[in-house]
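The region 'Disordered' annotation in Swiss-Prot covers 1-22. What Swiss-Prot records for Thr41, Gly42, Gly43, Asn158, Arg194, Ser222, Ile276, Gln321 is UDP-N-acetyl-alpha-D-glucosamine binding site.
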Amino acid sequence: MSEHVRSAGPPQASTAPSGGSAVHEVTSVGARVALVMAGGTGGHIFPGLAVAEALRERGWRVHWLGGRGNAGHPSMESQLVPPRGFAFESIDFSGVRGKGPLTLVFLPLRLLKAFWQSIQVVRRVKPDVVVGLGGYIAFPAGMMSVLLGKPLVLHEQNSVAGMVNKVLAGVADRVFTAFPGVFRKAEWIGNPLRPAFIRQPDPATRFAGRAGPLKLLVVGGSLGAKALNELVPRALALMPPAQRPDVTHQSGIRQIDELRANYAAAGVQAELTPFIEDTAQAFADADLIICRAGASTVTEIAAVGAAALFVPFPSAVDDHQTTNARFLVDQGGGWLLQQRDMSAAALADMLQKTDRSALLQCALKAKTMQKTDATTRVVAACEELAR
């Protein structure tokens, strides 16, 4: 999830090597070099950025390996990473699940091409350590990095390991996870997060003195969550106006017009936005958050210490969002509602029965569940392996 805007790093000159994507050349001499591999979704990219920024602060020269995108649509990482001042490398490879039989037929050729491109990148960048944070792009690059003798540090963000990390975990030098029990031999450290999530005041301090309508934050992510966009306005319309919360509803830019129409049709006032500038602050300000249960979202909410109603994305691979949410929900740190069980009447009833006292207790429970030193642990592993 996490579509918050981060500040860019120091500017660096740009060149375009033949046959490759734009690369920002870093001029520091003698620095240790890290190759960070992550792509596809914000759940992989934003933890990778947290690690990359921490490595840069420690004097490392950081290159990022991601995908180029397809069908005229650039990859998310190619849009997010270069503006933050990191050298960006790319190869041609993307997911295979749900793409049809032809994708599997041509997979061997695509893999060979991606293996060769990965070898070229690793030889050019000469990393002291390679850090993989998931996404299909990490498979060919991770395997070739190991083949070329480069130390590999792996981090799995979800409570159910993805296909790529299941394979790479067998050859990595260090394996970390955001949730417990993902791999038999791994270190549970939590998710790498920006410091802003960790530095928020504790829930008791934030809730002290709050009065009036509840503050409800609905988070749909970069693409929006159509089910939430349709259901929440209808649920609010069923509540007496005096009992309605103050609502901020974030949806992706592609769905913002439809979201405005939904609220207008329901006759409900709300602050509607295509993105959130400061997600950590928005989480801290909310009494209750309604959101999906991507790994970054769950761990960011826990780090802040916020109360959330999780509605897992029903098509998530291996239903990992449900497992992510249960990490908090089973300990009283949130609520879980499957999309198939959602109704406007049920949500309206829940909102009317919810008070700040219960939300504070939920937020306090969530806060106790999150480890907050994941970024430091990953950076320390990189420095140990690079010696």
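Each residue, glycine too, has its Cβ placed from N, Cα and C.
Every protein chain shown contributes to the tally, and the Cβ of Gly42 (UDP-N-acetyl-alpha-D-glucosamine binding site) ends up with 22 other Cβ atoms within 10 Å. Comparing the binding-site residues Gly43, Asn158, Ile276, Gln321 on other C-beta atoms within 10 angstroms of each C-beta gives the minimum for Ile276.
In sequence order, Met76, Gly135, Gly294 are the residues near Thr41 (UDP-N-acetyl-alpha-D-glucosamine binding site), counting only same-chain partners six or more apart with C-beta under 8 A.
In three-state terms derived from DSSP, Arg194 (UDP-N-acetyl-alpha-D-glucosamine binding site) belongs to neither a helical nor a strand segment and is classed as coil.
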